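Presented below is the structure to which this report refers.
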Amino acid sequence: GTPQKYDPTFKGPIYDRGCTDIVCCVLLVVAIVGYVVVGVVAWTHGDPRKVIHPTDSRGQFCGQQGTPNDLPCPSPIQICVSKCPDRYMTYLTAYGNPGSLEYYRNFCTPEFKNSRKAPIEVLKDRECPAMLIPSTPLVRRCFPAIQAKKGVIMVGNETTYDNGRGQRRNVTELLEGAKKANVVLETRQLAMKIFEDYTVSWYWIIIGLVIAMVASLIFIVLLRFLAGIMVWVMIVMVILVLGYGIFHCYMEYAKLKGEAGSDVSLRDLGFHTDLRVYLHLRQTWLAFLIILCVVELVIILLLIFLRKRILIAIALIKEASRAVGHVMSSLLFPLCTFFLLCLCIAYWASTAVFLSTSNEAIYKVFNESACPFSGQTCKPETFNTSNVTKLCPDAQCLFAFYGGETAYHKYLIVLQFFNVFMFFWLANFVIALGQVTLAGAFASYYWAFKKPDDMPAFPLFSAFGRALRYHTGSLAFGSLLLAIVQVIRVTLEYLDHRLKAAENKFAKFLLSCLKCCFWCLEKFIKFLNRNAYIMIAIYGTNFCTSARNAFFLLMRNIIRVAVLDKVTDFLFFLGKLLIVGSVGILAFFFFTQRIKLVQDTAPPLNYYWVPILTVIVGSYLIAHGFFSVYGMCVDTLFLCFLEDLERNDGSAEKPYFMSQNLRKLLKKTNKGQPDA
């Protein structure tokens, strides 16, 4: 078994380890098998065409299932047509005119064959629409062809239309119903222009992203040499800025001496919405002066007492740069994590679509007169031969909605919930696998006494194999805890959305408190999981033991944790700002043709911001990917460093594994051992 925390025989990470949290591993496998079964059942019953293709009033897809046409005509009844109507016409005006009636037949149901049938009967039987409106096709549907000429809303060059009952109506009444269609049309035109911009600029975008990748790599390498300089420059700049603030407040305080009204106290002045009033009071500047002096004094005292810890943080950051240099493949490993996350997202999205389209077309009996069967379900194939038509001659079997009455349809919401839960669990598992793999690779660097000679030949692949072989259960345990909290948060967000219109203030307050608590809980579990995975990679202990040891180890060194966290946050912020800013500015000058040397090379664009934003967002994601690896390296080396200090004393039996620079900084030596 693995040694306990202060075993005197411990010298480094243990590679001879056993499987951990086997129950959770089995539970994950069973859940994945169940997830696959749910996916297969959903793919068997679902039909994504319900989302893509329009349907007629009978629930049949246009262009399929015996409806050879492609577009649903806009009318009180949905009818599949080959093309949209291009003129105003009512059935009453078309009736009796063979030419008009022949054109009108294109927008009637296939059952309409008797052209001599009275118009009132045709409209009653819903065989033809009462009127036609000039329309245009959009996303395989017909929408009123609304246009504005000199500020006047028109449809087909007309400002009014016949509603089929001999009444003239204003076309503005159609405007509200077509607003969303116009938004879709404008969005489609915008998307086409953006697509054109991508087709002529994609290779320049790739060049910009390559530049961002190279810049990120160079920045990580330079941290080995410039980390200390950047941190101390930042600290000096903060002190100087505060010093200037103190000087400015004193000068303003002295300048107001003797001026009328400047000696009024803040209490006597009271509250004013115009904050500039307070700037004319000496007491305001005196308060600013005291606050800045206190902040300046606190920072200087912290620097005096935390100087050594800041130096340790800088040394660890430099050491992390060396570790990344010895495990260069780690910089590409986020691509593997990204690919696995894409698979999880694709499976979840496709399963969700198939589940949501698993409902069947439900038909019900519609009848204008009294009928005992009205509202009951029916089948169009056998309806004409059933007893319903005999007892209710004018009854019709029409499409009502998509639904189902089987056990599968009743539990669709449960399957959707299971789909969401499994997505969170698997996504968190993939992220955990990436973290423990990187931690294992960088831990093998730290615990190599002779760096890099004692490291495995392929540290990243070795760590990946150990994680899958021995610690799948532990990763499943940690990701399960996080998934449960995230599902609860999603549920609370859904409830909050549903309660927006409610006026129960206590319920809203309680929901807000719960959302805040679970947000904090999620952040804490993420922090705990990250450090637990590092301890799993080092020792091979189970999740609970690793989480407990990591937490108490960090609590015993809380000041070092705080200093290292803030120093690395600053460096990562500076790096992202530098990389994204420089690449974004370069892309702006290039695509706006402001660089004279390559002015003719830049492609012509509809919107120059399209490639610029793409380069900026892509550069940020690339920089974030590189720095996430670097951050994991810093955290791993930090925990290894703390364990090294607590377990070893520099003797021949228990030598320090930290680098020579860290030993010099801490004034530690290895007796009887050569320097690492």
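Each position is counted from 1, following the chain as shown.
Cβ atoms here come from the backbone N, Cα and C positions, even for glycine.
Automatic prediction, not curation, is the source of TrEMBL annotations.
Here is what TrEMBL records for this protein:
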type: TRANSMEM; residues: 21-43; note: transmembrane segment
type: TRANSMEM; residues: 202-222; note: transmembrane segment
type: TRANSMEM; residues: 229-247; note: transmembrane segment
type: TRANSMEM; residues: 285-306; note: transmembrane segment
type: TRANSMEM; residues: 327-349; note: transmembrane segment
type: TRANSMEM; residues: 422-447; note: transmembrane segment
type: TRANSMEM; residues: 468-488; note: transmembrane segment
type: TRANSMEM; residues: 532-555; note: transmembrane segment
type: TRANSMEM; residues: 567-591; note: transmembrane segment
type: TRANSMEM; residues: 607-627; note: transmembrane segment
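The transmembrane segment (567-591) makes contact with the transmembrane segment (229-247): 3 or more of their CB pairs lie within 8 A, with pairs spaced 6 or more apart in sequence. Here the transmembrane segment (21-43) lies next to the transmembrane segment (422-447) in space: the count of CB pairs under 8 Å, restricted to residues six or more apart, reaches at least 3.
Across 327-349, 468-488, 607-627, the stretch most heavily in contact with the transmembrane segment (422-447), judged by Cβ pairs under 8 Å, is 327-349.
Between the transmembrane segment (532-555) and the stretches 202-222, 327-349, 468-488, 607-627, Cβ pairs under 8 Å are most numerous for 468-488. Listed by sequence, the residues of this chain that lie at least six past the ends of the transmembrane segment (468-488) yet keep a Cβ under 8 A from its Cβ atoms are 17-28, 420-421, 424-426, 428-429, 431-433, 436, 518, 521-522, 525-526, 529, 532-533, 536, 540, 542-544, 546-547.
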